[in-house]
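Listed in TrEMBL:
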| type | residues | note |
| --- | --- | --- |
| DOMAIN | 29-490 | domain 'Major facilitator superfamily (MFS) profile' |
| TRANSMEM | 32-56 | transmembrane segment |
| TRANSMEM | 68-88 | transmembrane segment |
| TRANSMEM | 100-117 | transmembrane segment |
| TRANSMEM | 123-146 | transmembrane segment |
| TRANSMEM | 158-183 | transmembrane segment |
| TRANSMEM | 195-214 | transmembrane segment |
| TRANSMEM | 288-309 | transmembrane segment |
| TRANSMEM | 355-372 | transmembrane segment |
| TRANSMEM | 379-397 | transmembrane segment |
| TRANSMEM | 466-485 | transmembrane segment |
Amino acid sequence: MGSRKENEQNKCEMTTDLDTALDLAGAGKYQVFHCALMVSTLGASILEMIGCSFLLPLAACDLQLSDHLRGIITSIPNIGIILTAPFWGPIADAMGRKPVLIVSTLLSGVIGLIAAFMPNLTSFALCKFAGSLFLSCPSSLGFAFAGELMPRRRRDMAVLICNASLMLIASLCPILAWIVFTIDWEHSNIFIKPWRILTVAYAVPLILSALWMTQTKESPKFLMMKSKEKEALKVLAHVYSFNTGRTPDEYKVTSLKKEDNSDQVDGEAITVTKTSATALLKPPHVKWLLLLGFLMLGLFSLLNGLFLFTPHTINKMMTKLPNETVSICFSLNQPDNVTHTVTCIDSISYDTFKITVITALFYGAIVMAVSLSPLSKKTLLVGMYSLVSAACIVSVITRNRFVAGVSMSTLELTALGIGPLNAYAVQIFPTSLRGSAVGAVMMFGRVGSMLGANMAGMFLARGCDYTFYAFAALIALCAALSFLLPNDNKPTSKSEKTSL
């Protein structure tokens, strides 16, 4: 009895800041559960966006899709995301991470499901565009939500591991396509085109993720920003109980200090007096927003631009002039006769699937290993941008089909930079602006996706060599600009020094 009273007395005196409270709640099973949920949400949105790279070659006959429209249709998801990205961040900052994620993820999945049954290209494109209006939120906010439930000292690692896991999930895109297109669907009483089945397969994970999202808790950082201290304490007590197996009443913290709207970047204190997203456009935040935005623009212009043409490009290399030693650009300049045939399912070869699946799994494992390494975010970004820039040049100059296919698949490694850039956004910007900042940075990326997809679709057949060299130069510039980013956070505050 005496020890219980003593514990209760100590508990009554436990008042601390949110970061220390998160440390006391521990980093364990709940964080694993929460990060897995965020990975599933982010991964589902990625499958929906990049699935067009495998859908369009197979749906070319049914949708009467010509080659010059391929880039436009590929960029449609990013157009919708760009239009709505400025709104989802402030909405999440005003209404909360959890409810906004549930609604946006569910609606994007349902509309994507409806797109599978559209009869023509116009209706299919309209459905994809409508779904993309809600896709901006799950494709970006998940990183901020994952970081806000982690202790500060493990926050960067959590975001990097989430990002590495997304690489493995991205490999499901060719794997699902491979599975769907190897099944003989004609044995069923009602014949459904395989590309429609694949559209459903890419949309269902969004719906499942939205349902799973109902089991998580709201961000305590958001709750404190809204002066909901009691609700934030309940979340922290639940996290503590989930991690330790003890009752929530045993959680030591009974009150939280008000959230300090100031962060530090390289020792420079940054105070926020406005919670409006317009504060991002004023010093000192605007310089970091522009830098992170340009780096994300370069990344996505390649990842969701040139890289999405990898299946189409590799497939042409494997099927056109198989007995000759030619470059990628020479293969792309060969006429394509399959667009107006009825055998759309044969437009992607087995070798194309084999290369894309194996390289996706291999690079996903590399990204996971690198993310678990002690390398800093800045080192990861500089190394990634430099390697991918070199891969662009190798892809265009080599005449070996295997080397060209592997080097072009290496462009997928640009996904390694999404996690560090979002981790920088979480590190640099304060809680009141964090959702808006991550959304704005990702909006730059979506602009890059739209520009990259249209440039690749427009110029690959007309100026293939120059297209690859232009992308290589852009990524090399991003590597140089990455040196301007601040160093990783070091534990300098008193709360961090005393954290568990």
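Cβ atoms here come from the backbone N, Cα and C positions, even for glycine.
Bear in mind that TrEMBL entries carry predicted annotations, made automatically and left uncurated.
Note: the stretches the transmembrane segment (100-117) and the transmembrane segment (32-56) are in contact (3+ CB pairs below 8 A, sequence gap of 6 or more). Only residues 6 or more beyond the boundaries of the transmembrane segment (288-309), in the same chain, are considered here, and those with a CB under 8 A from a CB of the stretch are 49-50, 52-53, 70, 74, 78, 265, 280-281, 381, 385, 388, 392, 408, 411-412, 414-415, 417-418, 421, 424-425, 428-429, 437, 440-449, 451-457, 460, 467-468, 471, 474-475, 477-478, 481-482, 484-485. When Cβ-Cβ distances below 8 Å are used as the criterion, the transmembrane segment (158-183) is approached by residues 31, 35, 38-40, 42-43, 46-47, 50-51, 53-54, 58, 142-143, 146-147, 150, 194, 197-198, 201-202, 311, 345, 348, 353, 356-357, 360-361, 363-365, 367-368, 370-372, 377, 380, 412, 415-416, 418-420, 422-423, 426 of the same chain, each at least six residues removed from its ends.
Most Cβ pairs under 8 Å to the transmembrane segment (379-397), among the stretches 68-88, 355-372, 466-485, belong to 466-485.
When pLDDT values are averaged over the domain 'Major facilitator superfamily (MFS) profile' (29-490), the model yields 81.
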